[in-house]
Amino acid sequence: MAFRVPGRAGPPQPRRARRLLFAFTLSLSCTYLCYSLLCCCDDLGRSRLLRAPRCPRGPRADVPKVVPGPRPCDPPGPPPRAPAPRPAPANLSGSPRPGTKRLPQALIVGVKKGGTRAVLEFIRVHPDVRALGTEPHFFDRNYGRGLDWYRSLMPRTLESQITLEKTPSYFVTQEAPRRIFNMSRDTKLIVVVRNPVTRAISDYTQTLSKKPDIPTFEGLSFRNRTLGLVDVSWNAIRIGLYALHLEGWLRYFPRAQIHFVSGERLITDPAGEMGRVQDFLGIRRFLTDKHFYFNKTKGFPCLKRTEASLLPRCLGKSKGRAHVQIDPEVIDQLREFYRPHNIKFYETVGQDFRWE
């Protein structure tokens, strides 16, 4: 018979020992299961890393950033700065064109039917000249639009290039010299002149092609042919009074600032006349004999084709048209009328154009 000693535990009961063993075994099983699940999840995450980037909870200072671009899991915010784009070639459409629009430094101011279009087309070939192809009529018809509007019409030019425009009616517009002077007193002026009788016939021929019902050349030229009274109110006659119109220009511009081109020599010696134009503008003599050939059909010189341009540089169909046949006696009378005016013009400009 056994007796329990007070203060000392007796041997464990079998039921209690089994419970402790079961709890210990269960604890080990749970620990093993959790460890197995964690390992599986880690392997699965590593396999997904090969297909999609993981989203870190925060930046790690010890890991360098390899991909500079945005990642699918990045939080919303401004995108990273992209590398600077390469400049586009200058000849692509939409790219800014070089140069600046400037007010013209030189003007072809006259005269109508004297050869101004030929001078313009010839000088436009020069690499140091940029010219407006149309006639803006700013200083006679559109002066109220302002200089900013006028400048906007001009072609873009580099610092080394000259801006030029042509409007033949300026020469006979009374306000034109003062207006041009107010724009720039340094403006260079080019005047293309021609035998005033031939010029008047050419002027009439052009008008007749547009208005076939106008009076005859003789009827428009004279108030009284028997008395030899020429009608100077007719514009075709009045334009040929070169000395009269020149007086208004010399009030504002010195003679050295006005260059006169012979319309006749422009046909017989285009390289020589254009050489003097280039000298007057202060540019090198780029245009020479090799640039011109005589077009027998039109009756005046044209520019030869170049490698840079496949388009011929011949004037349009309206240039070189046959003149209206005029009574030789009418021509003689007009020559006598213009003679004193021509002589005065020769003396003023210091050049004999030999129109008599």
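For all residues, glycine too, the Cβ spot is worked out from N, Cα and C.
Unlike curated entries, TrEMBL annotations are predicted automatically.
Features of the protein shown, as given by TrEMBL:
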ACT_SITE  LYS113  active site, for sulfotransferase activity
BINDING   LYS113, GLY114, GLY115, THR116, ARG117, ARG194, SER202, LYS319, GLY320, ARG321, ALA322, HIS323  3'-phosphoadenylyl sulfate binding site
COMPBIAS  67-88  compositional bias 'Pro residues'
DISULFID  CYS302-CYS314  disulfide bond
DOMAIN    104-340  domain 'Sulfotransferase'
REGION    53-104  region 'Disordered'
TRANSMEM  20-38  transmembrane segment
Candidates GLY115, SER202, ALA322 (binding-site residues) - the one closest to CYS302 (disulfide bond) by CA: GLY115
Listed in sequence order, residues with CB under 8 A of ALA322 (3'-phosphoadenylyl sulfate binding site) and six or more positions away: THR205
Least surrounded among the recorded positions, given as LYS113, GLY115, ARG117, SER202, when other CB atoms within 10 Å are counted: ARG117
The residue listed as 'active site, for sulfotransferase activity' and SER202 (3'-phosphoadenylyl sulfate binding site), distance between Cα atoms, whole Å: 7
Per-residue pLDDT averaged over the domain 'Sulfotransferase' (104-340), given as an integer: 93
CYS302 (disulfide bond) CB neighbourhood, other CB atoms within 10 A: 21
